[in-house]
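Participant: Below is the structure I would like to discuss, written out as structure tokens.
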Amino acid sequence: MTTIKATAPAKINLTLHVTGQRTDGYHLLDSLVTFAEVGDVISATRAVDMRLTVSGHFAVGVPTDESNLILRAAEALRSVRGITMGAHLHLEKNLPHAAGIGGGSSDAAATLKLLAELWDVDPLPHDHDAVVALGADVPVCLRAPTPCRMRGIGDHLTDFTALPRAAMVLVNPGVEVPTPATFQGLKTKRNPSMGDLPTGATLPEFAAWLNEQRNDLHPPAAAIAPEIDEALTLLRNQRGVLWAGMSGSGATCVALVKDMGAARQVARPIQIRKGSWWVVPTPLLS
Ligand code: C5P
């Protein structure tokens with residue numbers, strides 16, 4: 001019996017501008033998204049029925065019924081492609097929940113790719129209604145590990161392949177931040193978009209550009225979880241940090257550094273000081 005595996009990498013919003021709101025309540029975004037090497041791992045084996053099991057550091061509290069996006073993604077593919085086969089899926093949950101790094105969306109996207117291979121059917125394109133219905137971040141996660149500029153509610157994507165080589169430190173202070181609550185806390189919903197992205201920039205030039213950008217969800221997220229600003233201050237005070245910001249709707253914060261050696265040096269003192277926090281040096285995929 002063959003088992004195939006895929007990584008569902010952490011999704012990182014290097015910028016996130018909220019530029020408007022649709023009549024259905026969803027917000028229009030302009031965001032530069034990239035991926036970290038660290039991620040959940042999903043494996044799939046052909047079976048008659050559908051089943052999901054979970055293990056890993058963050059397994060506690062992960063549902064294994066149809067409320068899990070993995071099983072919803074599997075059902076979406078089965079229904080669109082008319083599949084009658086099943087699969088036994090296993091999720092190794094390495095990413096924190098409700099953390100702004102697309103754990104559930106990345107799992108759903110990796111599941112769609114994995115099951116298309118397992119069942120030997122065409123994968124769903126990122127802009128398919130069934131994909132967008134799974135979650136606004138699922139389309140961008142389907143394009144992982146390619147960095148993308150994400151617009152619309154998350155469904156208008158353009159590849160951005162001009163990221164300089166770098167590494168990151170991810171810091172999650174252990175507080176779950178519900179995405180809807182963060183969006184509801186926005187004071188202004190029509191903010192300027194990003195303008196032109198820097199192409200051919202060196203890492204310091206790229207970091208300087210990032211320092212002029214924003215994550216508009218940072219103020220409402222920090223009002224819910226003040227630990228976010230504590231994490232950002234700790235990161236910004238470390239030597240070698242070129243830029244630090246919050247990803248998605250928080251609470252995970254991200255620092256950009258030149259390489260994995262620098263990432264480990266930045267991570268170590270923070271992990272020692274904050275033993276219960278999730279602190280991960282990781283390459284930036286590009
Ligand atoms: O699409 P997803 O289920 O990931 O979104 C969770 C919630 O985040 C939505 O119900 C909505 O409240 C908010 N959201 C939004 N605009 C987006 C993405 C998410 O308002 N572009």
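Glycine is no exception: its Cβ is also placed from the backbone N, Cα and C atoms.
Automatic prediction, not curation, is the source of TrEMBL annotations.
Here TrEMBL flags Lys11, Asp137 as active site. What TrEMBL lists as ATP binding site is Pro96, His97, Ala98, Ala99, Gly100, Ile101, Gly102, Gly103, Gly104, Ser105, Ser106. For 68-137, the entry in TrEMBL reads domain 'GHMP kinase N-terminal'. The domain 'GHMP kinase C-terminal' annotation in TrEMBL covers 205-270.
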Participant: Which residue among the binding-site residues Ala98, Ser106 has the fewest other Cβ atoms within 10 Å of its Cβ, if you could check?
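Facilitator: Ala98, out of the binding-site residues Ala98, Ser106, has the fewest neighbouring Cβ atoms within 10 Å.
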Participant: Would you identify which of the binding-site residues Pro96, Gly102 has the most other C-beta atoms lying within 10 angstroms of its C-beta?
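Facilitator: Checking each of Pro96, Gly102, the winner is Gly102.
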Participant: Which whole-number value in Å describes the distance between the Cα atoms of Gly104 (ATP binding site) and Asp137 (active site)?
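Facilitator: Counting only the Cα atoms, the answer is 9 Å.
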Participant: State the three-class DSSP label for Ala98 (ATP binding site), counting H, G and I as helix, E and B as strand, and everything else as coil.
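Facilitator: Looking at the DSSP assignment, Ala98 (ATP binding site) belongs to neither helix nor strand, so coil.
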Participant: Hey, of the binding-site residues listed (Gly100, Gly104), which one tops the CB count within 10 A?
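Facilitator: By the 10 Å Cβ neighbour count, Gly100 comes out on top.
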Participant: Going along the chain, which residues six or more apart from Lys11 (active site) have their CB under 8 A from its CB?
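Facilitator: Counting only residues 6 or more apart in sequence, the Cβ neighbours of Lys11 (active site) under 8 Å are Val33, Phe35, Ile101, Gly102, Ser105, Ser106, Asp137, Val140, Cys141, Ala144, Ser247, Gly248.
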Participant: Around the recorded ATP site, report the further residues of that chain (criterion: Cβ within 8 Å of the mean position of the Cβ atoms of Pro96, His97, Ala98, Ala99, Gly100, Ile101, Gly102, Gly103, Gly104, Ser105, Ser106; site residues excluded), sequence-ordered.
Facilitator: Ala10, Lys11, Leu95, Gly248, Thr252
Participant: If you draw a 10 Å sphere around the Cβ of Asp137 (active site), how many other Cβ atoms fall inside it, taking every protein chain shown into account?
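Facilitator: Around the Cβ of Asp137 (active site), 28 other Cβ atoms lie within 10 Å.
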